[in-house]
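Accompanying notes for the structure given below.
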Amino acid sequence: MDELPILPTTVIGSYPRPKWLRESIRLYHQGKLNEQEMKEAFNDAVITVLRDHQKAGIDVPTDGEMRRDEMVEFFAERLGGFRFYGFVRVWGDHYYRKPSVVGKITYKEPMLLEEALFAKEASYSPYLKVTITGPYTIAEWSYNEYYKSKRDLAFDLAKVLNTEMKKLVEAGIKVVQVDEPAIHTRKDEVEWAIEAVNESIRGIDVKVVMHVCYGEYSYLEPYLDRLKVDQINLALKNYNYEPVKLFEKWDGEIGVGVIDVHNRRVESPEEVANDLRMLLEHFKPERVWVNPDCGLKLLPRSIAYQKMENMVKGTLIVREELKRKGYTTTNLKPLFNR
Ligand SMILES: [Zn+2]
């Protein structure tokens, strides 16, 4: 019960939207598709994504975050206390609708429940993972025009995110991932940012993962023992595995990024297998999960698929080797009391 094969494979969350979905969204904004038709298109896209994940052999899939344009905006639009003024430039010609906090953060209604239930029903695996953006990242990527400090804002966000996660658990979701790509960007804020994450997952008694990616991992290291998540998954391939040593003392599980999502070159199964063998010199096999560095969203769909498939093929090679050494399964039970 609740066991996965040794070295479970998963994705971080996002997957490229099929071109027809992007067209549907455009038509919807022009008033040429109604709400119901748009919802059906999103549902169809989720089924397509899950089929890709299944075909690639992913053990713990997601719904590809088909309904989310952006990871902060989605939640800011659905919580009380936010308003939007306009777009800010983030990098190159990418623009971001940065939300402003103009009042106390309040929970209005479930944000992810309906999409989680749909994906759970459509999923081939009972261990579907649902992703939710964490309190620090939402606070960091918003303008604070109301709270005395960013810290106060983050802790109020933690409360409403906790309400949402409890609903997901009640609905039968077995793996929840808190996305905190910003948590390691400001050295003097990491200590309380970790407390805010802990607050957001209080009482969540399923597997809890935290995703962090491009930033300064060394800022996290001094506080790792305070983190109450079961698993941290990380971008590592893009850094040529340099940060591995920072996480050797981490007691929980480690999701190792073995696929570079900033590069269109498709890693071969042998390359993935070699990388995993090296990583197993640093981490116990029963504590290792396998994932890409980050969401696959920005890659062309065919490349995203091939990378995912080769990640699984490479993992299967090493999984066989581990089986001969007596390692067969990884338990899904939470490691820590929250
Ligand atoms: Zn990421």
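Numbers here mean position along the shown chain, with the first residue as 1.
Cβ atoms are placed via backbone N, Cα and C, with glycine included.
Note that TrEMBL annotation is computational and uncurated.
Taken from TrEMBL as is:
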DOMAIN    7-313  domain 'Cobalamin-independent methionine synthase MetE C-terminal/archaeal'
BINDING   His211, Cys213, Cys294  Zn(2+) binding site
Measure the Cβ-based neighbour count of Cys294 (Zn(2+) binding site), defined as the other Cβ atoms within 10 Å of its Cβ.
27
Which residues, same chain and not among His211, Cys213, Cys294, have a CB within 8 angstroms of the centroid of the CB atoms at the recorded Zn(2+) site?
Ile12, Asp179, Pro181, Val212, Tyr214, Asn233, Leu234, Ala235, Gly257, Asp293, Gly295
